[in-house]
Amino acid sequence: MTLQEQIMKTLHVQSVIDPKTEIRKRIDFLKDYLRKTGAKGFVLGISGGQDSTLAGRLAQLAVEEIRNEGGSAKFIAVRLPYKVQKDEDDAQLALQFIKPDHSVSFDIAPAVDAFSNQYKDLLGESLTDFNKGNVKARVRMVTQYAIGGQQGLLVIGTDHAAEAVTGFFTKYGDGGADLLPLTGLTKRQGRALLQELGSDKRLYLKMPTADLLDEKPGQADETELGITYDQLDDYLEGKAVPQDVAKKIEKRYLASEHKRQVPASMFDDWWK
């Protein structure tokens with residue numbers, strides 16, 4: 001088995017999908033896991049990007065089906081901007097499409113800035129822009145878990161195969177969640193699900209960005225990765241890609257294994 005084939009298997013990627021079937025499977029997963037845990041619903045941060053839009057709509061459909069079947073469940077969508085988000089219009093468009101039971105907005109700037117200032121006072125240096133970006137992601141995680149813990153809700157994560165293969169998420173930030181309904185999907189497959197669900201094109205054709213950096217606001221994921229999502233998707237779907245691209249992907253995959261595992265102990269062998 002080649003490393004490419006091993007990665008596809010490990011990340012549960014299918015070369016070809018049927019969007020309707022995938023939507024059904026993922027809604028059922030959300031419903032089944034919610035019932036198994038006894039939680040009261042879901043909470044998810046909505047950015048206005050493809051991934052949270054898709055996960056949010058699946059979550060809302062899941063809780064609506066549970067209620068129609070005589071159960072009780074709710075979904076809270078959370079806006080988590082740092083000050084004013086330049087693409088707030090996209091976030092509002094996403095919320096209109098998702099139609100969540102409840103929507104709230106938390107400005108994470110006061111918490112992030114207070115921590116950053118205290119860090120500088122105590123340690124005599126400023127956080128790098130990169131590390132401050134990770135603080136933003138982790139404050140967003142803390143906010144979602146505060147809501148979830150208070151109201152008995154599960155935190156949904158938006159990780160998918162193209163992020164998982166590169167480790168392109170913040171450990172214990174956007175990587176911190178209770179369940180991952182987009183697991184196994186490539187970026188283009190996620191777009192196909194949104195198309196099937198009737199999303200506005202603007203939401204799934206939007207340039208993907210983590211938007212965590214103050215010095216490079218709105219920087220494209222592809223710029224930071226040095227790999228395009230089309231290349232990642234081709235690789236993950238078992239297609240041939242240029243050798244240098246395959247090497248970049250595989251290097252990132254191997255280097256980010258710790259992000260896909262629970263914290264290492266001396267009894268584990270995955271890190272050896």
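The backbone N, Cα and C atoms fix where each Cβ goes, glycine too.
The ATP binding site annotation in Swiss-Prot covers Gly45, Ile46, Ser47, Gly48, Gly49, Gln50, Asp51, Ser52, Thr158, Lys187, Thr209 and is backed by sequence analysis. Per Swiss-Prot, the feature Mg(2+) binding site maps to Asp51, Glu163; the stated evidence is sequence analysis. Annotation comment: Swiss-Prot describes Arg138, Lys171, Asp178, His258, Lys259 as deamido-NAD(+) binding site, evidence class sequence analysis.
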Nearest recorded site to Asp178 (deamido-NAD(+) binding site) by CA-CA distance, among binding-site residues Gly45, Gly49, Asp51, Thr158, Glu163: Thr158
Among Gly45, Ser47, Asp51, Glu163, which are recorded as binding-site residues, the nearest neighbour of His258 (deamido-NAD(+) binding site) by Cα: Glu163
Winner by Cβ contact number (other Cβ atoms within 10 Å) across the binding-site residues Arg138, Lys171, His258, Lys259: Arg138
Ser47 (ATP binding site): nearby binding-site residues from Arg138, Glu163, Lys171, Lys259, Cα cut-off 10 Å: none
Sparsest-packed of the listed binding-site residues (Gly45, Gly49) - C-beta count within 10 angstroms: Gly49
Least buried by Cβ count (within 10 Å) of the binding-site residues Asp51, Glu163, Asp178: Asp178
Spatially closest candidate among Arg138, Glu163, Lys171, Lys259, the listed binding-site residues, to Thr209 (ATP binding site) (Cα to Cα): Glu163
Cα-Cα distance linking Gly49 (ATP binding site) and Lys259 (deamido-NAD(+) binding site), given in Å to the nearest integer: 22
Cβ neighbours within the same chain of Thr158 (ATP binding site) - under 8 Å, at least six residues apart: Leu44, Asp51, Ser52, Leu54, Ala55, Asp174, Ala177, Leu180, Leu182
Listed binding-site residues (Ser47, Thr209), ranked by Cβ neighbours within 10 Å, top entry: Ser47
